[in-house]
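Engineer: For reference, TrEMBL lists these features for the protein:
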type	residues	note
TRANSMEM	12-28	transmembrane segment
TRANSMEM	40-63	transmembrane segment
TRANSMEM	83-103	transmembrane segment
TRANSMEM	123-141	transmembrane segment
TRANSMEM	189-215	transmembrane segment
TRANSMEM	235-257	transmembrane segment
TRANSMEM	269-293	transmembrane segment
Amino acid sequence: LLTISCIIENFNKVAGIALNLLLLYLISKYSRSSLGTYKYLLIVFASSDVLLTIVHGCVNHQIVSVGSTFASVACTFIESRNITAIYCASFTLVFLLSIFNFLYRFWAVKHPHLVQLFAKKWFVALLVIVAASTFFSWYALCVMGATGDIDEIGTIVAREEYRRRFGITLTDGFLVLDHWRDGKFNLRAALVLLACDTTIISCISFVVIFAFLCFNHIRKTDKLSEQTRRLQSKLLVTLCAQTAVPIAFVFIPYFAVNNLPFFDIDGHDINVCCTALISLFPTCDAMVIIWLMNDYR
């Protein structure tokens, strides 16, 4: 299973970049004028997928858990918890872009005049500030909320499991949530886990609610022409399929590997699969958009 996972990861280090660069070319060359400013959101999506693929390839991130001890670790030439925290925080882009995308689509079908805000420099700057603030907040949560000092018991346990699994000895670079140690409950680790779970559940709930509202408005409104209705329905279906990719390959796997150690459940195989699934996300994201958008297909 570990060998297959490594093969998948290595394949996606190339495919993720290649397909998203192709998508960027298709967006710039073949986007119809009726897409309006939405094509810029697609450009941001594809660009972020290229960035995430590069980060994933450079960081060589893995998840290991032993009993109630969870650890996230980066294997780079610099063994640092900061590198691991940066990698984990980079996935806030996935959360936020999904929310921004559904906000755009909801405005496009319900309040079309508000869509023009996405072309305003001050509004774009606001979105960038929100994204940057969320990134640094998540980074701070990882660094200050999780433990991982080199002489901590949880770090030692995670280090030995990583060495056993990959044959590499790392001294530092671990973000550790040691939920139960000698029968004692770790409130700090539980609060970090709660923050992660709340973020994931909130994002999925937001997506589901806005998808329902958009579909319902398109179905019931009489203010849209038949051509516009078909276009909006097509774009919404594409967006739902595109959003299903990070939910299936990022949100759900992360939710599983984060929570299993809290209940002292062995998640070895799920940990191995999780990293492979995460690496698949940028590749599948580009494939979904290219396949479902007529212009790009």
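Note that Cβ sites are derived from N, Cα and C of the backbone, with glycine treated the same way.
I would like each feature placed in context: is it buried or exposed, what are its neighbours, and how far apart are things?
Structural biologist: For the transmembrane segment (189-215), the list of distant contacts is 95, 98-99, 102-103, 105-106, 109-110, 141, 145-147, 177-179, 232-233, 236, 239-240, 243, 247, 251, 254-255, 258-259, 262: same-chain residues at least six beyond its ends, Cβ to Cβ under 8 Å.
Panel annotation: around the transmembrane segment (235-257), residues 38, 45, 63, 65, 70, 91, 94, 98, 101-102, 105, 108-109, 196-197, 200, 203-204, 207, 211, 214-215, 218, 267, 270-271, 273-274, 277-278, 280-281, 284-285, 288-289, 292-293 of the same chain, lying at least six beyond its termini, place a Cβ under 8 Å from a Cβ of the stretch.
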Engineer: Same chain, outside the transmembrane segment (83-103) by at least 6, Cβ under 8 Å from its Cβ: which residues?
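Structural biologist: Beyond its ends, the transmembrane segment (83-103) has Cβ neighbours at 41, 44-45, 48, 51-52, 55-56, 59, 61, 72-74, 76, 127, 130-131, 134-136, 138-139, 142-143, 173-175, 199, 203, 206-207, 210-211, 214, 239, 242-243, 246, 250, 254, 281.
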Engineer: Determine which residues of the chain contact the transmembrane segment (123-141) at the Cβ level, with the cut-off under 8 Å and only residues 6 or more beyond its ends counted.
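Structural biologist: For the transmembrane segment (123-141), the far contacts come to 85-86, 88-90, 92-93, 95-96, 100, 117, 192, 195.
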